[in-house]
Amino acid sequence: MKPDLPIVNSVELNTSSTLELTNNEFKPNKDQEASAYERNPQREGKYTTSNIGAFLHIVKSSLGSGFLAMPYAFHNAGLLAGLIGTSLVAMLCAHCTHILVKSSQELCYILNKPKLSYSETVEAAFRIRAGTKYSKYTRIARHTMNFFMFFTYYGVNTVYVILIANSFKQVLENHTDIDLNIRWYCVALVIVLLPVGIVRHMKFLVPFSAIANTLLMISFIIIMYYIIIDLPPITSRPMVVEIGKWPLFFSTALFGMEGIGTVMPIENSMKKPNSFLGCPGVLNFGMSVIGGTFIVIGFFGYLRFGEAVEGSISLNLSTNVLSEVIKIFVALSILFTYGLQLTASMEVVWEYVQSNFADEQKNKGYYIVRTLMILGTVVIAVLVPNLSPVLSLVGAFGFSGLGILFPSVVETIVFWECGYKPFQFGFLKNIFLLLIWIVATITGTYSSIEEIITQYRLG
């Protein structure tokens, strides 16, 4: 049986690996840009993944809790602007994913390696392709990559804590006389987060992953049923909202749709990696399905609830029994993926702190650090318990860096001799992507922090 691939959601982002690379500069022929695997079209191995399996993994990795925030994203754009904007974000994510995988495959060909993780791809690009003048920045690039990886995935775990706490707060207080501040629910979650988040070995998380995907699929179907009944007329919602809210739309959509952290592990597991790119290709087909799903739930979710839409559409459901069950399902599905997401940020932290533990204490030290990181997500959630601005902040700063900045820089370095020198099309295209990253990061981060401060002052 092939392993269930939410496991790769952050697992093979292992940033603790070290490459032994040559500094010899390599200049590829232009036709090598098409595929780094032309001489080795198939990977051999017991656990290689088929094209269909890879497609399912791509879809599954992006259709997590983030798609539940799409109605809130449309709230910050309008029906028409949200429709167009979501399509553009989907194309942006697909393109940046494409150029990252293309660059990684080229580096695999140069190094005669079967696969490279995301962090290894960034390191290899700077070490062997940036030339003597820029290879000295390899360490800086690696540390910067690690920072973005930590911020993004630790932020995702914090969002998970807030969303789970909100869901249980609603369900409990709708049927009892209890009325507690959301922060108490965040603290109470420590009881369940510790046993789920402390698990180190991925094979033991397979059952959690299977349960999470089943619950999320059931929840999505029923949520769509609730959304499409009794829809108001389209004219009741604005087509375009004020431009000042657009950064929050972009950040939220990017948070939900950007699965760049899962891409390299998925491609690395494929038996036929050539099939991942191209037209139609596994990536393009998968992103089409993801983009379509996000548009549907975002458009109709905002049309249904309007200005009252929450940071997660599940929180807008009524108080009948079925709706409450769905809220619990969503909360549990997110809870059961908490440990998987924590692995990415944990690997980054462990790379820097493991030297402080003696060899015989490393295993114990690992669990101590992991426990502290679990408690840290709860502390941050207690300090900033408002879901939507935290989600937008992670999207604006974290996912934009991982999903736009690094792919465009790496592609430019790797294919410098193949149309990516100054004023050539590839170079200008990536400069444009960097401008998008700068604008999205500055405006999205500013808007998110401003909203966090405002809501914090309001209590």
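Note that Cβ sites are derived from N, Cα and C of the backbone, with glycine treated the same way.
Since this is a predicted model, take the numbers as computed values, not measurements.
What TrEMBL records for 48-448 is domain 'Amino acid transporter transmembrane'.
Taken from TrEMBL, the feature region 'Disordered' applies to 23-43.
Annotation source TrEMBL lists transmembrane segment at 52-74 (among others).
The transmembrane segment annotation in TrEMBL covers 80-101 (among others). Same-chain neighbours of the transmembrane segment (80-101): 70, 73-74, 118, 121, 239-241, 246, 249-250, 253-254, 257-260, 263-264, 267, 276-277, 283-284, 287-288, 290-291, 294-295, 298-299, 302, 403-404, 406-408, 410-411, 433, 436, counting only residues six or more beyond its ends whose CB sits under 8 Å from a CB of the stretch.
Taken from TrEMBL, the feature transmembrane segment applies to 147-168 (among others). If one looks beyond the transmembrane segment (147-168) by at least 6 residues along the same chain, the residues whose Cβ comes under 8 Å of a Cβ in the stretch are 10, 13, 15, 65, 118-119, 182, 185-186, 188-189, 193, 197, 255, 261, 311-312, 314-315, 327-328, 330-331, 334-335, 337-338, 341-342, 344-345, 348-349, 373, 376-378, 380-381, 384-387, 390-391, 393-394, 397-399, 401-402, 405-406.
Note on the transmembrane segment (180-198): residues 157, 161-162, 164-166, 168-169, 173, 208, 335-336, 338-339, 342, 367, 370-371, 374-375, 377-378, 381-382, 385 of its chain, located 6 or more positions outside it, place their CB under 8 angstroms from a CB of the stretch. Residues or ranges marked as transmembrane segment in TrEMBL: 180-198 (among others).
Summarising the annotation, TrEMBL assigns transmembrane segment to 205-228 (among others).
Within the same chain, residues 51, 54-55, 58-59, 62-63, 67-68, 70-75, 79, 82-83, 86-87, 89-91, 93-94, 97-98, 101, 220, 223-224, 226-228, 230-232, 234, 236-237, 253, 256-257, 259, 263, 270, 275-276, 313, 316 sit at least 6 positions outside the transmembrane segment (282-305) and bring their C-beta atoms closer than 8 Å to a C-beta of that stretch. Among the features that TrEMBL reports, transmembrane segment is placed at 282-305 (among others).
Annotated transmembrane segment per TrEMBL: 325-344 (among others), in sequence order.
Distant neighbours of the transmembrane segment (365-384): 154, 157-158, 160-162, 165, 183, 186-187, 189-190, 193-194, 197-198, 200, 342, 345-346, 349-350, 353-354, 356-357, 390, 452, 456; these residues of the same chain sit at least 6 beyond its ends, with a Cβ under 8 Å from one of its Cβ atoms. Under the heading transmembrane segment, TrEMBL lists 365-384 (among others).
If you look up TrEMBL, you'll see 390-415 (among others) marked as transmembrane segment.
What TrEMBL lists as transmembrane segment is 427-449 (among others).
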Quickly jot the same-chain residues contacting the transmembrane segment (390-415) by Cβ under 8 Å, restricted to those at least six beyond its ends, or write none. 28, 33, 66, 69, 92-93, 96-97, 99-100, 102-103, 106-107, 118, 121-122, 125-126, 129-130, 134, 145, 148-149, 151-153, 155-156, 158-159, 162, 247-248, 250-256, 258, 260-261, 311, 384, 426-427, 430, 433-434, 436-437, 440-441, 443-445, 447-449, 451-452
